[in-house]
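Record features, source Swiss-Prot:
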type	residues	note
ACT_SITE	20	active site, proton acceptor
BINDING	16, 17, 170, 199, 290	substrate binding site
BINDING	17, 199, 201	Mn(2+) binding site
DOMAIN	8-260	domain 'Pyruvate carboxyltransferase'
SITE	16	site 'Transition state stabilizer'
């Protein structure tokens, strides 16, 4: 398919999804430096919050180095052309968090639910629209619903007021054909003026290929992270995506070399460990398990002596979804007992 002249909006995840491998402990200085680099490279939209969205600071998800207000308050005034977005998961983030983000100057709010639970987003989406925000419905773990099922969920979010809907491959489990099937079905069902987005993870090394497949099928907003910094094996690597788009004539407005420099000079040095497809991250993609479970499973391995891979496979078998991080410990204990009894 000839995509020359196609214009997309790339949405950076480095400072939100990238909080997962950083255990939410990014410093304000790191946030500001990377955000300014992204802004200068031409990235139009940058997400900033706790990895699990506004209000994510908790025992269950992890305590960040700073509050959402502090991170947003530090980054937003520095932006020359980029707008800032925030993620909100109903049940974690509240309408009060939404108000706070709006007051600080957040442009875009992304209201995220499991891909079968769009009905819990009505309050937050409708309120964000009342505030005049760019309002996105974000359907997570999209591999766990059929194209037809996703259509119904997307239409719900659209009816609440969302002006953009995301098909979100939280587990990095989808392949180009399964991405296309979902994006095409949702694109055909939504109003022409409603935008469509895709969020990929790199657990099966498909982040870039899936993003291009999504663009072919009608997505105009694409998530990626500099150096792939994100949960699991990371998000779609932004610098690779931008280079591929440039070769294909897809217009992003992002400087090919400046975004490489942000990844190499600013993001890689702050990594606590290399973002790569190790056996556990690969298992996330293979078994279709939520990306941010990775560090929790590695932690449980150290504590209970059960390989992280076994924990993740069992989590996939049980159909666990985002937000059930507490079940990782429970699963590890169950597997350890079963192993001891064998």
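Here the Cβ of each residue, glycine as well, is placed from N, Cα and C on the backbone.
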Rounded Cα-Cα span from residue 170 (substrate binding site) to residue 201 (Mn(2+) binding site), Å: 6
Cα-Cα distance maximum in Å, computed over every pair in 16, 17, 170, 199, 290 that the record assigns to substrate: 16
Rounded Cα-Cα span from residue 20 (active site, proton acceptor) to residue 199 (substrate binding site), Å: 16
Between the residue listed as 'active site, proton acceptor' and residue 170 (substrate binding site): CA-CA distance (Å): 13
Residue 201 (Mn(2+) binding site): secondary structure state under DSSP, collapsed to three categories: strand
Rounded inter-Cα distance in Å - the residue listed as 'active site, proton acceptor', residue 290 (substrate binding site): 12
Any further residue of that chain within 8 Å (Cβ to the Cβ centroid of 16, 17, 170, 199, 290) of the recorded substrate site: 13, 20, 140, 168, 201, 223, 230, 231, 235, 291, 292
Three-state secondary structure, which DSSP defines for residue 170 (substrate binding site): coil
Additional residues around Mn(2+), ordered along the sequence, whose Cβ is within 8 Å of the centroid of 17, 199, 201: 13, 168, 169, 170, 172, 200, 223, 225, 230, 231, 235, 236, 291
Cβ atoms near residue 17 (substrate binding site) (within 10 Å, other residues, all chains): 28
Cβ neighbour count within 10 Å of residue 201 (Mn(2+) binding site): 32
